[in-house]
Amino acid sequence: MAAPCGSELPANSPLKIPKMEVLSPASPGGLSDGNPSLSDPSTPRGASPLGPGSAAGSGAAASGGLGLGLGGRSAASSSVSFSPGGGGGGAAAAAAAACRGMSWTPAETNALIAVWGNERLVEARYQQLEGAGTVFGSKAPGPAMYERVSRALAELGYERTPSQCRERIKTLRRCYSRVKEHGVGKRKSSYTFEQLEQVFGQGGWDAQPCQPVLINSSGLYQELESDGSTMEDYSQEDWGNHSQDLHGYPTDQELDEIPVTKRTLKIKQESSEEAQKRDIMQNIVQILESVQLKWELFQSWTDFSRLHLSNKLAIFGIGYNTRWKEDIRYHYAEISSQVPLGKRLREYFNSEKPEGRIIMTRVQKMNWKNVYYKFLEITISEARCLELHMEIDWIPIAHSKPTGGNVVQYLLPGGIPKSPGLYAIGYEECIERPLSPHMEQSSLDPGKEGRVDLETLSAQASLQVEIEPTRIIYCYLGIAEVRTLQQCLFLHFQANTKTFSKDWVGINGFLSQNCIVDPGVSPKSIYIKFVEVERDFLSAGSLVECLEKAIGYPLKFNN
């Protein structure tokens, strides 16, 4: 059981040294993965040096010339070490060792790499890419950096001082430089060359959105101790070959255990959602392009502190170009109908947000050259109008059987709000197109003359044309400002056909004419959709033009 730091052990308590990895004797010019300060072969790998200010350590050094240290870590078992030495020399050595820190377990090392990569990436973002194409600037990290790293490790369950973190980072950087320059490493490690390349090289570190994936330290220790190869040299290629075993990703065997049906269903669901998002974004891009807005170059954070962006709703787009192609392309487009434009744009240019992290990473990796934005300010009513178009589903209007000859009645659905708002009326359009080439060829093939193809005859008899998927055409946008949504729709659909006149125009005339049908012919399928809007907002904006830009064609009965 681990003892807390600073506690005293009974005099008759035997010192138990856990089975840990033993470092090789230091060799000139050779750097190992372990702490260089603990190169004494008599010192166990898991030795815990005396920490500064430790009462137990100072007492032991003064009385018996033995430096005792207790490591209180929550995620790794503590260990006790002893080393002979005089009182003064032992205290000095203990103080120096305390700065270097106790040996690091594989889990701690991987946590440190993940945390360090995130912290360095955050620091680089605030340097405004002064590295001229490099991921991290040349400025050395200061004490505040190691303080943040120490706190981050503590949140993951690893108690490490800033000094210990600094020494371990130095060791990792030396290991990386050795393999990078000479292509060899001293020994097997709990991390891969790719991990060090991300944090110390120019490849770029992808920030971890959540707690880093850590390695099973106990399992890794078993492997390292059992294969007897901790003293071998490994090339850079060997480092990369171990990456599959060291990363915490599911193996092929684990993936095969997932039922095929569930995996297929999930893929189909994700593809459907992605297709829907892509269609919405294309619609928003169409709106932005139709009003011919100019791209603005993103230069600094102060761009979005301007007052006129603070509380406005807008349609906005994020664009980019590359060093090879100056044309600006869309990365993302959105209708900011719930969140003010200024706040939403800051999220896309804030490296701490998921949206901003993607953009900054692509600029840092030189995938993009510059980032741009454009926006179109909209009113609340226009935002609700676009919501009506993109997010509200059509509701079909049923009709009764013909009564009194050739007249049908519309049957409005229940649940129409008794409140102000916007509503749209549309009708179903079936687009006919010629028979498919295969069907035409089979019907005209001279080689089949005199023979009866029952399948072809049946298909031609039941379907003379191929019908496109249902498309609903907008024909009217209504504003329920004086009356409620329920009252407005009732006036449109419950008009008395007996008072119908040929002079009627507009939406009421269209709906009334649709009620008069020839025998055996069904009327057009009519649809409605509506959204509630506060009455005070309905008078602002150009709602009809807004919807026409969104759908790409004029409303037939609003002009």
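Including glycine, each Cβ sits where the backbone N, Cα and C put it.
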Annotation match for SUMO2 cross-link in Swiss-Prot, from K268, K448:
K268
With Swiss-Prot open, pick whichever of S48, S83 is annotated phosphoserine.
S48
Give the number of CB atoms, excluding that of K343 (SUMO2 cross-link) itself, located within 10 Å of its CB.
13
